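Feature list (source: TrEMBL):
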{"type": "DOMAIN", "residues": "16-154", "note": "domain 'Lactate/malate dehydrogenase N-terminal'"}
{"type": "BINDING", "residues": "GLY21, VAL22, GLY23, LYS24, VAL25, GLY26, ASP45, ASN107, VAL130, THR131, ASN132", "note": "NAD(+) binding site"}
{"type": "BINDING", "residues": "ARG94, ARG100, ASN132, ARG163", "note": "substrate binding site"}
{"type": "DOMAIN", "residues": "159-319", "note": "domain 'Lactate/malate dehydrogenase C-terminal'"}
{"type": "ACT_SITE", "residues": "HIS187", "note": "active site, proton acceptor"}
Amino acid sequence: MPIASTSSHLVNASPRVTIVGVGKVGSTLAQQIGEKNLADVVLLDEVEGLPQGLALDLMEAKGISQHSRQFIGTTNYADSAGSDIVVITAGQPRKPGMSRDALLKTNAKIVVETATNAIAHSPNAILIVVTNPLDVMTYLAWQATQLSAQRVIGMAGVLDSARFQAFVAMELGVSIADVRAIVLGSHGDLMVPLPRYSTVNGVPITELINATTIERLVERTRKGGAEIVELMQTGSAYFAPAASTFLMVEAILLNQFRLVPVATYLQGEYGLHDIFIGVPTLLGASGVEKILELQLTDTEIAALHLAAQEVRQNVEQARSLVKIN
Ligand SMILES: NC(=O)c1ccc[n+]([C@@H]2O[C@H](COP(=O)([O-])OP(=O)(O)OC[C@H]3O[C@@H](n4cnc5c(N)ncnc54)[C@H](O)[C@@H]3O)[C@@H](O)[C@H]2O)c1
Ligand SMILES: O=C(O)C[C@H](O)C(=O)O
């Protein structure tokens, strides 16, 4: 049985975001969407009682956090019908010592199943994939749902860039508000942080930090997810991942045209075809409004292509594991 608020007149007036898989990332995202008064949220999970309990908890917090959004907790996809955005956070997180790619076998089946079911009830939704290994799961979700590529987006570059941004701010002792950083490529050890395009209030960090230190910050960014997995020992990061996903949901619902790196479908951009990988993208009401092609050096483009090669191999492996209609 779904648990819903009684003020149903508000449900129709509000945008609706469905989050499939309301574990650490999904439930934190639901809270952020409600508390920032952005949209009603359908919390959907396979574990009976979990989404209903979380929705009730979030509804009970509303009087204190003072917003008007509704939370619906359910295990039934029919209750998510008519969503504007579907976020897939269903699937296992990695354990210490594992790579994200080691989740491929388990999560491929979950992502294909959950994305297909959710989009069957919300065919006009924009789909944001969070489950790892991110770039591969985004490709599978796109194939399984047969949505236009413009409407399928993977969340990773926002998070990786936020980590690079944090490490630069810590290193220089400057306000994080003045730091902008950008990371392209796959969500794995081969991701491509771009120091040349990362700045402190417009000043490239290459003018402010020596090359050895930049390389250390780049390496920490590449291993940023693993650093947290090792520290926590159970599960992976969720505050920054949820905040990164929130930024994407907000950019789409408010048609903001934010320029952010997300995993998007490339058809020749950066010399890559038929692949989802992180590149700078304008996000608006249609999903991917425009892909920005940066001028990259030979080294940077080679790094991006190496990351793409690994993603492609994993997509091939995943295709042999799951049946896509
Ligand atoms: N892209 C990124 O940058 C990024 C960041 C953080 C986490 N992640 C990934 O997101 C996923 C979720 O992470 P988490 O920390 O929230 O994990 P979690 O274990 O806390 O939550 C996962 C949830 O998915 C649910 N689930 C599993 N199979 C399901 C199914 N078939 N249908 C519906 N629900 C299902 C589980 O019941 C659970 O509640 C992991 O794969 C993790 O690696 C990606
Ligand atoms: O590291 C992980 O496995 C989770 C996520 O991809 C992250 O980068 O925090």
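Using N, Cα and C of the backbone, Cβ positions are placed for all residues, glycine too.
Bear in mind that the values here come from a model prediction, so they are computed numbers and not experimental data.
Between the alpha carbons (Cα) of HIS187 (active site, proton acceptor) and ARG163 (substrate binding site) lies a span of roughly 12 Å. Neighbour counts of Cβ atoms within 10 Å were compared across the recorded positions ARG94, ARG100, ARG163, HIS187; the minimum falls on ARG94. Within the set of binding-site residues GLY21, GLY23, ASP45, ASN132, the entry lying nearest in space to ARG94 (substrate binding site) is ASN132 (CA atoms). Cα-Cα distance from GLY23 (NAD(+) binding site) to ARG100 (substrate binding site): 17 Å (rounded to the nearest whole number). Reported as a whole number, the C-alpha separation between VAL25 (NAD(+) binding site) and ARG100 (substrate binding site) equals 16 Å. In this structure, the binding-site residues that sit close to ligand 1, with a C-beta under 6 angstroms from any of its atoms, are GLY21, GLY23, VAL130, ASN132, chosen from GLY21, GLY23, VAL130, ASN132, ARG163. For ligand 2, the nearby binding-site residues are ARG94, ARG100, ASN132; that is, of GLY21, ARG94, ARG100, ASN132, ARG163, these have a C-beta under 6 Å from one of its atoms. Long-range Cβ proximity for ASN132 (NAD(+) binding site), meaning a same-chain Cβ under 8 A and a gap of 6 or more residues, is found for GLY91, PRO93, ARG94, ARG100, LEU103, ASN107, HIS187. GLY23 (NAD(+) binding site) is surrounded by 19 other CB atoms, counting those within 10 A of its CB over all protein chains shown. ARG163 (substrate binding site) is 16 Å away from VAL130 (NAD(+) binding site) when you measure Cα to Cα. Fewest other C-beta atoms within 10 Å: among the binding-site residues VAL25, ASP45, VAL130, that description fits ASP45. In the three-state DSSP assignment, the secondary structure recorded for VAL25 (NAD(+) binding site) is helix.
Between the CA atoms of GLY21 (NAD(+) binding site) and ARG163 (substrate binding site) there is a gap of 24 Å, rounded to the nearest whole number. Between the CA atoms of ARG163 (substrate binding site) and ASP45 (NAD(+) binding site) there is a gap of 29 Å, rounded to the nearest whole number.
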